[in-house]
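Take a look at the structure below.
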Amino acid sequence: MRIRKLEISGFKSFVDRTVVHFDTDVVGIVGPNGCGKSNIVDAIRWAIGEQSAKHLRGKSMSDVIFNGSETRAQHGMAEVTLTFDNSDPASASQLPLEYRDYAEIAVTRRLFRDGTSEYLINKTQVRLKDVTDLFLGTGVGTKAYSIVEQGKIGLIVSARPEDRRLLIEEAAGITKYKARKKQAEQKMDQTRQNLLRVGDIVSEIQRNLASLKRQAAKAERYVNYRKELEDLVLHEASHKLLEITVLTQHESVGRAEHAERAQAAGTALSAREAEIEVTRLEALACEERAERAQNEAFAADNQVRTHEAEIARARDRLRHMEERLVTAAKEQAELEKTVEELRAEKGELEAQLAGVEEEEARESELALEQHERLEELRHGERTAEHEVAALRRRAADATAAVAAAEASLAGFDRRMAEMSQRRTKLEDELGRLMVEAEELERRRSSLARHVTELAEGKRISAEERARLDAEMRTLREQAVASDRAVEHAKNELGQRRNRLRALEELHARLEGVGAGVKNLLKTKDPALLGLVADRIEAPAELTAAFAGLLGDRLQCAVVSDVERGLALLADLSKNNRGRASVIAARPAFVAGAARRPPRGEGVLGPLVDRLVFAPEDEALARALVGDAVIVESAEVAARLAREGAGCALVALDGTVVREDGVVSGGSGDAVAAGMIEQKREMRALHELVATRSEEVTALLDAQQKLRQRIAEVGTALERARSEAHEGELALVTAEKDLRRAEEQLAAAQKREGVVRGELEDLADNLDAGGSEQQAARDKLEAGRAAREAAAAGLEHAEQVAAEWRERVLGQQSIVTERKVKLARVRERAAAARGTIERLTRSCTELEGRIARLDQERTESAAAAGKAAATIVMAREALVSAVAEAHAAQAALTEARRALDEARQAHAGREADLRGLRQELAEVTEQLRKHELALERLRVEHNHLIEGVRERFRGLELDRVVGDYHKRPPVDASHRARIQELTELLDRMGPVNLDAVREHAEAEERHTYYSGQKADLEKALDDLEKAIAQMNRESKRLFKTTYDGINARFKALFPKMFRGGQAELRLTNPDDMLETGIEILAQPPGKKLGNIELMSGGEKALTAVSLIFAIFQFKPSPFCILDEVDAPLDEANVARYNEAIRSMTSHSQFILITHIKRTMQSVDVLYGVTMQEPGVSKLVSVRINETAKRPEREAAPAAAVA
């Protein structure tokens, strides 16, 4: 995958399209500094994906676009195309599959000035990632070892070990694994974040599920209650609507009657009002005449006042004009006198100005002569000064040479002293490091034992915390179940209590009981023992039969004796408080044993045997029921009656066939049945409430114990967590201390080795410092002699220059005097000219003012005549206006008299009208009351309709009245049930009616997100396995590559240095993924030591040896070396070129150089010039094959390619 050609357009200094062909093994690029040689390297680096403007020697990426020059406009786009030869199957196999079949691969990058960029591969637009992936593992890249620019050689040597390993990674092909690992780690982070979010969602859904389940059950109960309440409310609203309809009809009739009466009264009133209107119009006509007379009188008065005011204003204007004429005449005479005086002064000044101008011309000629003499003297002075400056520079150079020699000698002395001090410090530091290493080893052992103890404590704490967590989860589940059971029991108990309370209130209010019975029971007489319905109960299945048999007798009041009962009834009758029935608790007449009751199909037995009552009420029950027999149906009762049963027969549906043949039946007595049902339900509810109360108490006790246990476990768990957290912190701190101790120990040991190496180097450097000190002393003595000779010549030249300066200063004084005198003359001339101009302007202004005064006098005389004429005319008009005012006042008096007479006639007619209006008001009031009543009924009707429509989501009440009007009217029990349901719904509080749907959706979401969580956990596990596999492969590749490069580096270093030895070492061999790489080098004749102490040339040759060792192990398709040979001497340059030539069989080399021998070694030489400022041009030269022969002493022949 060698470079075939490079095409540049608009990139940096390459303005025009430039094509560089790389058809040979070694290509050289030369040119003077600043001509743009390195821009070719930048173009290649930019094309393969470099993103750092700093690495391209710019501040921002837009700096790579040609920015214009003196003769060229800036470009809007930079474009570089790099074409690779892909014909080698071995190189092609390393590329992505989609590019392996191409013979050539062209990578293009464009950047526009608006910041838009494009990447293309074979003219197809791609992403930056695609370009980067193309070169992964090939040794080609923006940070790979294939491009070594200026300064990178030094960085290879001085870089941190961790940074130096990047060269080995690129050679090993690990970069693609690192890129994939980075992507996988990013995916892992995203997956963990997604897993956390999904876990939070699952937890939230789980928390909400139980609540939604309770809410769904509550919503179902709410809907049932609301349906029942809606039915009851519609029943009540329907009957209310019927009542409003009847009242509306009644009020409509009353309104029609009063409307007729109001119509008659209104007709009479209108006739009388017409008569009054006539008198009112007459009065209005008189009033208008009086008003017109008054307006005419006001107008006449105003006219008189207007003429008087006009005469006064004309007199004022006449007086003002006369005063203005006198003033203008006086001012005009004064101005004419002033003009004459100014003209005389101007003539005198013009005569003086002529003399001053002649004097100015003479002084100007004298000043010019003296200035020319001064310039001649200054020229001589400058010549002398130039001579002094030249001698001063020579003296300064000599002084600088002496100072440099002194500084050099002082530097040698200082370095010798510093090296001695450094050796003493290093010896002290070595002793201290040895002691510190022993102390650190003891501390590391102690910390390791402490970490082991803390880790064991952490394990025990984790087990205890897990046990408490499990117990807490169990207890919380039990608590949730307990709360649910308590809530359910409380709700049921509350419902039962509310129902019992409502029934007891209905019973206490004696709902459904006749008025006479209510009044009888309200007496609270001790003889009253209650109602029959309170003392005798029937099973549910016999309710209709029992009610049908007894009927109203269920409302009989039970009394202790008949006499007292009669007295109570007499009191009811006396006070007209209704009618009632009473029965003795032990009746005197009790039905005896009947003959044998009927038997057979459909006969259920005597009714009295199926009733429930206290033993003392047995006589009462038998007296009321007698020998009545229960049968299945009315048909059975009719059949038995025909057969002569001889007793009352009662069917289960309430049909009664009595002994006398009377048959009762129908829908039944709802009041009687209700009383029986109510009593039975109250008794059952009393028992159920007692049972549920005991259950709730037991559940609350269990709940309290469970909460206490949860609190105890929670406290223990919190304590365990706190202890675990403290233990974790202690363990982390201990592990951190242990790592720090190990790092400090390793650093101390490493520093000990470095100090020993520095001590050996210092000993060698101290031996070599003496001769350099003596050479510096000899150079200092020679410099001092040259400085003394230069000082003597400078002194003479300064004396000559001083004489010239004195002559110049004398002539400057003469020239200054002449200039001062000339300036004074010019100042007098300018002052005279300014005064003449000012006097001219003043004369002109005064003459204009005189002309304006003449015009003002003429205008004032004309205005005075006009004012006098105005006064005469106004006096004549005033006499006429006074006469008109007297006539208008007389007409006003007559009009007011006629108006008074018309008003008195109108007042008499209005008194008659008030009586008629009173009568109409009374009729109208009655009509209004009917209309108000109708309006109130209409509002009630609309309110009722709207209330139903709003409450029942648009339901029209008129449509459902037919469903309810046949039902019984609304009674107290009906309203009580509405109140009960309303209170139930209110106590239920806010109800989530969507809870059922939300509960189902939550179940579905829980299933979905649980599956998502499982998928994410599996994906996370797969990514961890993939990263582990990449780590294993990276370790293997890095170890293999490191060993191969190290072996080649050991072999190549002695060849490049002609002796010595070098090797690579790992800073942390146990961690192949993070270990750094150190370079240990020993040039010939020196000891193995720190590479930082080597000279610049040795460092460069060591770095070159490492780069070439990498190329020998993993050849890159091409290599760019930008002035890498600059620090090398001639012998090392030769070895450098030989090493390059030896690797051309598998790599292509592009060399940027200033070294002549390197230029001679290349196959094609490109020269970069800048004939036009700011624009680079390219010239190519092919080196003859003869120039590459060993006999390179002859000058190389060149031919234009």
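The backbone N, Cα and C atoms fix where each Cβ goes, glycine too.
Given the structure is predicted, the values throughout are model-derived calculations rather than measurements.
Residues or ranges marked as ATP binding site by TrEMBL: PRO32, ASN33, GLY34, CYS35, GLY36, LYS37, SER38, ASN39. Around PRO32 (ATP binding site), the same-chain residues at least 6 positions away in sequence with a Cβ under 8 Å from its Cβ are THR1169, MET1170.
Per TrEMBL, the feature coiled coil maps to 174-222 (among others).
Per TrEMBL, coiled coil is recorded for 276-506 (among others).
If you look up TrEMBL, you'll see 526-641 marked as domain 'SMC hinge'.
Under the heading coiled coil, TrEMBL lists 703-751 (among others).
Look at TrEMBL and you will find 822-856 (among others) tagged as coiled coil.
For the coiled coil (885-940), the model's average pLDDT works out to 76. The annotation coiled coil is assigned in TrEMBL to 885-940 (among others).
Taken from TrEMBL, the feature coiled coil applies to 1009-1040 (among others).
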For the coiled coil (1009-1040): best-contacting stretch of 174-222, 276-506, 703-751, 885-940, by Cβ pairs under 8 Å:
174-222
What is the number of residues in the domain 'SMC hinge' (526-641) that are helix, strand and coil, as DSSP sees it?
55 helix, 21 strand, 40 coil
Highest-contact recorded stretch vs the coiled coil (822-856), from 174-222, 276-506, 703-751, 885-940, CB pairs under 8 Å:
276-506
Range from 174-222, 276-506, 703-751 with most C-beta pairs under 8 A to the coiled coil (885-940):
276-506
Excluding near sequence neighbours, so keeping only residues 6 or more apart in the same chain, what lies with its CB under 8 A of CYS35 (ATP binding site)?
VAL1168, THR1169, MET1170, SER1176
List, in sequence order, the residues of the same chain other than PRO32, ASN33, GLY34, CYS35, GLY36, LYS37, SER38, ASN39 whose Cβ lies within 8 Å of the centroid of the Cβ atoms of the recorded ATP site.
SER13, GLY31, VAL1168, MET1170, SER1176
Within 10 Å of each Cβ, count the other Cβ atoms and name the one among the binding-site residues GLY34, GLY36 with the highest count.
GLY36
Could you tell me which of these binding-site residues, ASN33, LYS37, SER38, ASN39, has the fewest other Cβ atoms within 10 Å of its Cβ?
ASN33
